[in-house]
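Below: one structure, written as structure tokens.
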Amino acid sequence: MPKRDAPWRSMAGTSKVSRNANYSPRSGIGPRINKAAEWVNRPMYRKPRIYRTLRTPDVPRGCEGPCKVQSFEQRHDILHTGKVMCISDVTRGNGITHRVGKRFCVKSVYILGKIWMDENIKLKNHTNSVMFWLVRDRRPYGTPMDFGQVFNMFDNEPSTATVKNDLRDRYQVMHRFYGKVTGGQYASNEHAIVRRFWKVNNHVVYNHQEAGKYENHTENALLLYMACTHASNPVYATLKIRIYFYDSILN
């Protein structure tokens, strides 16, 4: 015997809502709104006062827009003895990739690329780890110091590298990471993807020269040190390094 229709079905302008369209997770259609999502995405006026007073500004303090960008694209031959490159080289000018005056702030650093081995090396059974150090040089002078001049190592092993005691005030390691490649006929991994994004807020100061060189820095140069653990087998890094910076209002 069929069930009797509910009295509201006969009312004008009403219809039965299908259970398949109730936005349940099993149906797979439509957004599913719950109290947790509403609380996370609540408007700013419903958040505590500390969220409103201590918000991180898009533009660093003491700087002005627009956000500018400088890219460094290069293939590096990474050695066991280490390598260094300056990533705060910005030429003075009026473009979106230039600095207006002597001072600017590097808000963030984006490193992407890959570590790889050539055809001859990847057939050998070995593991090679490549380490990167993002270092701030507070008092740059002359040319960048080599890896062995800045870092103290045990048995000349880069994996044990720490900044020398007498240079800890000048060189500050802001971030470090590593990538690993493996060679051999079986289970080899001949390349590794590199992708890092850091917020640094590093205030760089140049002298009166216009060229973007390390020798023209006077304060807070950004250096990227690289070294590999294997002494005989070389490894390469194809990197694109982008810095996002703002000009200082003191220029």
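Any Cβ shown, glycine's included, is placed from N, Cα and C.
For 12-25, the entry in Swiss-Prot reads compositional bias 'Polar residues'.
According to Swiss-Prot, the region 'Disordered' annotation covers 1-29.
If you look up Swiss-Prot, you'll see 3-20 (among others) marked as motif 'Bipartite nuclear localization signal', on the strength of sequence analysis.
Taken from Swiss-Prot, the feature motif 'Nuclear localization signal' covers 35-49, and the record attributes it to sequence analysis. Long-range contacts of the motif 'Nuclear localization signal' (35-49) within the same chain, counting only residues at least 6 positions beyond its ends with a Cβ under 8 Å from a Cβ of the stretch, are absent.
Positions annotated as motif 'Nuclear export signal' by Swiss-Prot, on the basis of sequence analysis: 96-117. For the motif 'Nuclear export signal' (96-117), the residues of the chain that approach it from at least six positions outside its boundaries are 60, 62-63, 66-71, 78, 87-88, 90, 128, 130, 132, 134, 179, 181, 183, 190-208, 212, 218, 222, 224, 233-248, 250-251, judged by C-beta separation under 8 angstroms.
According to Swiss-Prot, the motif 'Bipartite nuclear localization signal' annotation covers 195-242 (among others), on the basis of sequence analysis. DSSP states for the motif 'Bipartite nuclear localization signal' (195-242), grouped as helix (H, G, I), strand (E, B) and coil, give 3 helix, 31 strand, 14 coil.
Away from its own ends, the zinc finger (63-80) comes close to residues 87, 89-90, 96-99, 104-105, 107, 115, 130, 156, 158, 226-231, 234-249 of its chain (Cβ-Cβ under 8 Å, at least six residues beyond either end). What Swiss-Prot lists as zinc finger is 63-80, and the listing cites sequence analysis.
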Composition by DSSP (helix, strand, coil) of residues within the zinc finger (63-80): 0 helix, 16 strand, 2 coil
Segment confidence, the motif 'Nuclear localization signal' (35-49), expressed as mean pLDDT: 80
DSSP-assigned states of the motif 'Nuclear export signal' (96-117) in counts, ordered helix, strand, coil: 0 helix, 15 strand, 7 coil
